[in-house]
Amino acid sequence: MAPEFRNDPKLVHGEAGYVLEDVPHFADYIPDLPTYPNPLQDNPAYSVVKQYFVNMDDTVAQKIVVHKSSPRGTHFRRAGPRQRVYFESDEVHACIVTCGGLCPGLNTVIRELVCGLSHMYGVSRILGIEGGYKGFYARNTIHLTPKSVNDIHKRGGTILGTSRGGHDTSKIVDSIQDRGINQVYIIGGDGTQKGASVIFQEIRRRGLKVSVVGIPKTIDNDIAVIDKSFGFDTAVEEAQRAINAAHVEAGSVEHGIGVVKLMGRYSGFIAMYATLASRDVDCCLIPESPFYLEGKGGLYEFVEKRLKENGHMVLVVAEGAGQELIAESMRSMDHEDASGNKLLLDIGLWLSQKIKDHFSSKKKMTINLKYIDPTYMIRAIPSNASDNVYCTLLAQSAVHGAMAGYTGFTVAPVNGRHSYIPFYRITETQNQVVITDRMWARLLSSTNQPSFLSQNAIEDAKKEEEPQTQLLEGENSTNHHEEELFSSANQPNFLSHNVTEVAKKEEKPPTQLHEVENSYEADLCDNGVANKPSG
């Protein structure tokens, strides 16, 4: 009989208000499991590492900016290899599945999961589940090896295919059990992670020794708690091409207007960061900041003013912006796709037409408007260098956690340190741009656009409890960063045994190393160097 299942948060309390929101472990519900030495200690890639393994007591603070009297607050378990593992290499039968929409970096994550399992832990049985969740019970699978995934990171999309919906918990877990799979890596957004949580709960209810690991994916960057999601940097970079095209078109004609629609169903991070990076944008509209069209202080007035000043303008709009303005004309307002997302009317087309109609009726000014929607071009491209490194660290951290017996968690950086986060923490809310935060103020200052908010709306926004500001600053950890690169490339470190021994003697004792921050790393973080998270 399977043990009684409880889905209560696993909390550990300490002194001075310290709280660890821990993730589930096999030991919580399967007694007397044997453990084995971590094979990384015999891996040549790790031979010069100062400390092979993350200390079991290492945790990562969710809130990094505190006052001296503040409680220590919520922490998460730090990601990384452990000294003892709960799987022998030839025992592991892993599977990988991708769900939801496309995003740059999917193939990189798949590649690094396969190479990490193979090169670091000697795992040879790795299945790819084709077509999303329904692939589990449709029995569509492919065998994955380091050779077969060698160059997939150079392609966009996902070699496994993807779909929305298709989640049947009983069928999925039955398939996992029938195939003898004991490590499940699920790559997808918040809806996919909710599905992963349900799969974990059913696996735990049945008392199975199966590790369920989520890797959060959303191009919109709207997953709560984590610093950022993979593919976001690539999306912002690629969006620059569309904005530049709109700027060229608008600047080449009299009273030219370039309208660019970017991703962002509920969160305007791509639009905001693309606007800040471009410097060619005159106005940015996002879901979190309401706007109105007509009257004093409205969008029409601002467009007319900017055209008179500069002769042209560029407007960036996130796909979820202004939906309340077009709700009456949106017949599909209550319709949803297979993932449960509301079907939105195209705000870019609607807004472009409204601007055309306004100036046509006024007959004061003839405009020339060009509308660009690069959504599917951005989603389909391969990830850039920054995201490739990030995906590598995500995948390897996920593998370390599964091998160490952790389950029911997602892996991502929190304040620059990769962490294991309980599923419920990243699915309970969505991250959004805080319009009372300094980053939005920086955008308004950069574009010199009005906020389009009434004074009452501004006061209401200030009264609302602010979510924690999303940090997009990573870290460049010399220690872990280099060891992951050796492992990813599966290359020797080319150091002689004598050099290796000298390097080890020069460093501090291993028991202290996890507490020592590299001064170079600290300098980089202090200077705002981003996108170099550590595994």
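Every residue gets a Cβ built from N, Cα and C, even glycine.
TrEMBL does not curate its annotations; it predicts them automatically.
As recorded in TrEMBL, the features of this protein are as follows:
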- Asp220: active site, proton acceptor (ACT_SITE)
- Gly101, Arg164, Gly165, Gly189, Asp190, Gly191, Thr192: ATP binding site (BINDING)
- 468-477: compositional bias 'Polar residues' (COMPBIAS)
- 487-499: compositional bias 'Polar residues' (COMPBIAS)
- 502-517: compositional bias 'Basic and acidic residues' (COMPBIAS)
- 460-535: region 'Disordered' (REGION)
- Gly191: site 'Important for substrate specificity' (SITE)
Counting across all protein chains, other CB atoms within 10 angstroms of the CB of Asp220 (active site, proton acceptor) number 30
Euclidean distance between Cα atoms of the residue listed as 'active site, proton acceptor' and Gly165 (ATP binding site), Å | 19
For Asp190 (ATP binding site), the nonlocal same-chain Cβ neighbours (under 8 Å, six or more residues apart) come out as Pro216, Thr218, Asp222, Ile223, Ile426, Thr427, Gln430
Counting only other Cβ atoms and using a 10 Å cut-off, which of the binding-site residues Gly101, Gly165, Gly189, Gly191 scores lowest?
-> Gly165
Could you state the whole-number distance in Å separating the C-alpha atoms of Arg164 (ATP binding site) and Asp220 (active site, proton acceptor)?
-> 17
Would you kindly give the Cα-Cα distance separating Asp220 (active site, proton acceptor) and Gly191 (ATP binding site), rounded to the nearest Å?
-> 13
